[in-house]
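Trainee: Questions regarding the structure given below will be posed in turn.
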Amino acid sequence: MPRITRAAKHLTHQCTPRPLLPVLVALCFVTLSLPSPVSSQSAADSCGNALSLGSLVPFNTTGLTCFQAWPSQDFILRFGKAASGSNVWSFVLSAPDSGGYISVGFSPTGRMVGSSAVAGWVTAAGAGSARQYYLGGTSSGSCPPDQGKLALARGAAAPTIVSKGSRLYLAFQLAGQPLTDVVYAVGPSGSLPGSNGLLPQHQDMASGTISLSGGSSGGGSPATGGGDGDGEEGGKGNSKRAGEDSGDGDDEGKGERRTSPASASSSGANGGGAFLSSKRRHGVLAVVGWGVLVPAGVALARFSKRFDPFWFYAHVAAQGLGSVVGVLAVVAGFKLDDDEGPVAAHKAIGIVVVVGAGLQATALLARPAKETKARRYWNWYHHNVGRAAVALGVANIFYGLSLANERQEWSYVYGIFVGIFAVVFLVLEEWRRSH
């Protein structure tokens, strides 16, 4: 009997349940560490989900075309006509809230410089701001706020930005046909525009296109590659270039992301890319025509008259070829389709130089004989108009290099050429006078 009693006590001790508190605590920690389905859904956005912004956006956002505009930055763009037959277009740009601004611009050339953009940001206090900018250059001062060519809606439908679920939603409407070349940018984290509204240098940018002919159903094909750097507009070394690859969406897509060669090049920027972009092609033609051939023609006429009639034909050939190349440079400049601010002054000076070249050609046809009294006045006119045109052409080349925001080496190289040319010219002039 004593053995049976001890066995029973031992059995009773083994069957006694252990405390459940540690297990319950562990389950609570596991449950709390799991992501909440509601918060995950609100922090993400995709074209498969309808926008649920309600009255936060001042226009109807249903039925808009949607595509992933910038995959590397998770930019999603929705757009479409506000109503059938209307010329008002609605846009909603969705992007992660990284503590900086987001922007989308419309460009006549595919590059950031010269485009008009809408940028928006939300402060830490929750105050949002959305404004239009004209991107006239690569510095903050050259991108003034509340300027641009977009006919944005005003009043209750003015551009707005909403922060919801760790994402920003930049919404705006514009009247008229939008340009299909678009540029995207994201500002540096924790750096927002100040009281003057000037945007800090973007952290990253990319360019792409949209198709306006697809209606309101379906979406675009996201492109491979993309902007992981400063891109066209010359970032200050904060990150890599805005991508070298291009992506082509299908023809029926409503939008597609690409990096155009023009925007990935250094036209108007620091860095590499295609050497002869449109802007650089304009600059090279101007330097060769107005900056080298035309001054060389002046020097031939000034110091080679002892080799008659060689000097005359060499002068005419150099001036004629230089003027043709210079006119081609002016035509290439007008194709850049940028006529704002300083660029307009650069174009005006170029037109004056072309007019001066035309007057010189006209004067050649009306040149009086050497024996006549009128020849003296003709010489005075021909020499001074030519000198003024050459001086304006050379000055405009330096002005254009500064507007293009090229590396300083370009200005230095041409400046050295002009300096050497001037020294040689003065030496030859002194030799001519002494002999």
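Cβ coordinates are placed from backbone N, Cα and C, and glycine is handled just like the others.
Reproduced below are the annotations present in TrEMBL:
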- 215-228: compositional bias 'Gly residues' (COMPBIAS)
- 73-187: domain 'DOMON' (DOMAIN)
- 250-435: domain 'Cytochrome b561' (DOMAIN)
- 195-273: region 'Disordered' (REGION)
- 1-35: signal peptide (SIGNAL)
- 283-303: transmembrane segment (TRANSMEM)
- 310-332: transmembrane segment (TRANSMEM)
- 344-365: transmembrane segment (TRANSMEM)
- 385-404: transmembrane segment (TRANSMEM)
- 410-428: transmembrane segment (TRANSMEM)
Trainee: In the domain 'DOMON' (73-187), how many residues does DSSP put in helix, strand and coil?
Mentor: 7 helix, 61 strand, 47 coil
Trainee: Would you kindly list the residues that approach the transmembrane segment (410-428) from elsewhere in its chain, counting only those six or more residues past its ends and only Cβ-Cβ distances under 8 Å?
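Mentor: Answer is 283, 287, 291-292, 295, 299, 302-303, 394, 397-398, 401-402.
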Trainee: Using a Cβ cut-off of under 8 Å, list the residues of the same chain at least 6 residues beyond the transmembrane segment (310-332) that approach it.
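Mentor: Long-range Cβ neighbours of the transmembrane segment (310-332): 278, 281-283, 285-286, 288-290, 292-294, 296-298, 300-301, 304, 350-351, 353-354, 357, 360-361, 364, 393.
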Trainee: Within the domain 'Cytochrome b561' (250-435) only, compute the mean pLDDT.
Mentor: 79
